[in-house]
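Visitor: My questions all concern the structure below.
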Amino acid sequence: MATTWPPRTVIRKSSGLRTLESALQRSGLGPVAGVDEVGRGACAGPLVVAACALGPNRYESLAALDDSKKLTEKTREKLFPLICRYALAYHVVFIPSVEVDRRGVHVANIEGMRRAVAGLSVRPGYVLSDGFRVPGLSVPSLPVIGGDAAAACIAAASVLAKVSRDRLMVAMDTQYPGYGFAEHKGYSTRAHTLALTQLGPCPEHRRSFINVRRVATRSNGAATAEREADPPQERDGTG
């Protein structure tokens, strides 16, 4: 039986970072855009989603591209302006913590991917997503297992999202001192858990996450008990 192209099922990492995109381009399905997110598992800060379409002749200029989690911070920062310069189009979306709480992480992730693709200044012929399907896109799409290490456009989107979020979390560390956002970027490290317990949650913490909810519940309970223990206030007048 002949194999149809593009495939209709989830595919796994190809033999090279640009193999899949090149095949799609040769099939007349370009430009190919990749979409990826950062901050899905963090208990504070936004979920950041980026979409990026790379030109077929720009791969050599971005030879260091890889899954952003495998790159050093220095390499990511070096790649960020290069991706912005050489991309056909890119768009970064920030989903705030309150929206993550309201929608749930997965639904917020899907919505962020839709917004990121819709925000591209160049309409892609095909979209590759990292790991799971993105329903509701206006163009054909395909999920790629380990996509940020399998397709250059997804790797580029991963770097854009990661650097954008990291920079925001460093700024947030100044806005909400004491939590250590510049270090752990909102993830549930031991230091973050200790700070959260001591300070209580700030407006950027995700109340839908159980560790934040537990601290918030304890803080609210302690505040209620303190109010109940306060003596009656003196009042002027007759009674």
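Cβ atoms are placed via backbone N, Cα and C, with glycine included.
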Visitor: Quick one: which of Asp101, Asp130 does Swiss-Prot put in the divalent metal cation site with Asp36, Glu37?
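Guide: Looking at Asp101, Asp130, the one Swiss-Prot places in the divalent metal cation site next to Asp36, Glu37 is Asp130.
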Visitor: For the binding-site residues listed here (Asp36, Glu37, Asp130), which one has the lowest count of neighbouring CB atoms within 10 Å of its own CB?
Guide: Asp130
Visitor: Starting from the Cβ centroid of Asp36, Glu37, Asp130, the recorded divalent metal cation site, name every other residue in that chain with its Cβ within 8 Å, sequence order please.
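Guide: So the additional residues around the site are Val35, Val38, Val49, Ala50, Met113, Ser129, Gly131, Gly147, Asp148, Ile154, Ala157, Ser158, Ala161.
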Visitor: What kind of secondary structure is Asp130 (divalent metal cation binding site) part of, going by DSSP in three states?
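Guide: Assignment for Asp130 (divalent metal cation binding site) reads strand.
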